[in-house]
Amino acid sequence: MNIEAKARTFETQTSETLIIGVQKHREQMKNWSTFSDFYGETINTWLHAGEISTDSKTITKLPFSGNHTSLKRIYFVGLGERKHMTANELREAFATVGKELKAAKVSDIAIWVESFTTDQFEETEVAYLAGEGLNLGYYTTLSYKTTSNEPNTYLDQVQFVTEANIEDVVENFEIGKVYADAVNEARTLINLPPNLLTATDLADYATELANIYDLEVEILNKTQLEELGMGGILSVNKGSVEEPRLITIKYQGKPEWEDVIGFVGKGVTYDTGGYSLKPRDGMVGMKGDMGGAAAVLGAMRIIGETRPKQNVVAVIGSTDNMVSGEAFKPDDVITMYNGKTVEVLNTDAEGRLVLADAMTYAKQQGANYLIDVATLTGGVIVALGKDKTGALTNDEEFFEEFMEAAIETGEFVWRLPLTESDKKRIRKSEVADLNNSPGRDGHMIFGGGFVGEFAEGTPWIHLDIAGTSDAGAPHALGPKGGTGVMVRTLATLVELRDN
Ligand code: BES
Ligand code: ZN
Ligand code: ZN
């Protein structure tokens, strides 16, 4: 994308398409008259008559036939009441524009930045949200249709109509775009069919990412996992013809390797449920069971771009969960990497087994804080719906810090309790230290709580994204399919620590 480093006016901008925000009370919009002088007085009549909607996230397209070398159309995007406007509303407004631009195959735009400002949001903040929102909305889902011959379009030219400091505007737009691009990468990973994304493929992807940003990367194969005794991930992998992988990426932004944040991702590339087989309808969509891994990789991409002064280690356990004569079974007793034994009661509760070993490994790599991200349970969807990520924690302070990041990105996270009696049920087994499926009542808590057993006192947050990682229908920030949820929040957490 070419983001033009030169401030433009309505007259000097050279795009065919101009993007303008319209707020409910025109008299409160700064410098509206500059625009109406340019466009002509009729614009005020139309706005007054309601021909141009000021309703939040509603777009009105008007052709422009005035005197200008390039301008052909204007997209007015409604922003609603000025005093109700939030960063999230603005981000979503830009995403709505992004979707419309995509649908109309527009790839070259100019944005009148000031039209989106309020007392709370100055042009730099608007530029950031524009960079994020427009690029999130513009996302294209890959298609494998052989009949489609339409070339893909990209948003590849952006200019700013602004009187603010153009360097600041451009820099903020670029950072917003870095965030959106990473989310879009995560979306694409999630949307990949499982025959095209095995654990080996995911590890190759991670290696490539690490190489682009000069990050340290380590990939452990099956033999290496056997040598280490990673019984969790290996048991889940037993039924598969595909090898498992444990992926570790390190980003060192401080002189010493201390105060390390660990991101741990569930990278189950397909979840059939194993012998506790999923019903046929429940299995479709399980290509997205690596959404946690995608979130972690997306966050590492942002960190690789923005280079904060923080230390981060990402660990992803990856395998599929299949059936065969060699697959693990309910009633198996397995020994995890940290030495704890687990009675397997349900092979469909596989994510927690994979994550547990990855958590232990992250701690060994020096993680002082742990956040695991996983499409872990259907229970979180029953509890919170498809638009809220469920959380658990063992550390109030760390969770508060995390929530600041989540609020900033607008990604809804809601914490559930994890009580001593919940832990007792996870630890209840006649033959082992833990069991992997204490029951269906409140099972989001058991799933996350099981992973928490492997934090062993390290401050830890669990994020169950089973509901939020994959959208069943188009939503405010993008299309149906992988959402890339938590990419932005994880990266923002690191960024906030940097300040
Ligand atoms: N991958 C699933 C969870 C899931 C469900 C993700 C729906 C996305 C959408 C997970 O491995 C699983 O099967 N969990 C079981 C746990 C149960 C056996 C205790 C579940 O939620 O039913
Ligand atoms: Zn499962
Ligand atoms: Zn799963």
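Here the Cβ of each residue, glycine as well, is placed from N, Cα and C on the backbone.
No curator has checked TrEMBL annotations; they are predicted automatically.
As annotated by TrEMBL, Mn(2+) 2 binding site applies to K266, D271, D289, E350. Listed in sequence order, K266, V268, T269, Y270, D271, N321, G351, T375 are the same-chain residues six or more apart from D289 (Mn(2+) 2 binding site) with CB atoms under 8 A from its CB.
As annotated by TrEMBL, Mn(2+) 1 binding site applies to D271, D348, E350. Residues within less than 8 Å, Cβ to Cβ, of E350 (Mn(2+) 2 binding site) and separated from it by at least 6 positions along the same chain comprise V236, V268, D271, G274, N321.
Neighbour list (K278 (active site), Cβ cut-off 8 Å, at least 6 residues apart, same chain): D271, T272, M286, D348. Annotation source TrEMBL lists active site at K278 (among others).
According to TrEMBL, the feature domain 'Cytosol aminopeptidase' maps to 346-353. Counted with DSSP, the domain 'Cytosol aminopeptidase' (346-353) comes out as 3 helix, 0 strand, 5 coil.
Sequence annotations record features per position, and here TrEMBL assigns active site to R352 (among others).
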Packing count at R352 (active site) (other Cβ atoms within 10 Å of its Cβ): 30
Beyond the site residues D271, D348, E350: chain residues whose C-beta lies within 8 Å of the centroid, for Mn(2+) 1: V236, V268, T272, G273, G274, S276, K278, M286, D289, N321, T347, A349, G351
Candidate with the highest Cβ count within 10 Å, taken from the binding-site residues D271, D348: D271
Tertiary contacts of the domain 'Cytosol aminopeptidase' (346-353), as residues 6+ beyond its ends and Cβ separation under 8 Å: 232-233, 235-236, 266, 268, 271, 273-278, 289, 321, 327-330, 334, 336, 374-376, 436-437, 447, 450-451
Cβ packing number for K266 (Mn(2+) 2 binding site), 10 Å threshold: 32
Close-lying recorded positions around ligand 2 among K266, K278, D289, D348, where CB distance stays under 6 Å: D348
Distance-selected recorded positions near ligand 3 (C-beta under 6 Å), from D271, K278, R352: D271
Cβ-based neighbourhood (8 Å from the centroid) of the Mn(2+) 2 site, residues K266, D271, D289, E350 excluded: V236, V268, M286, M290, N321, G351, V354, A374, T375, L376
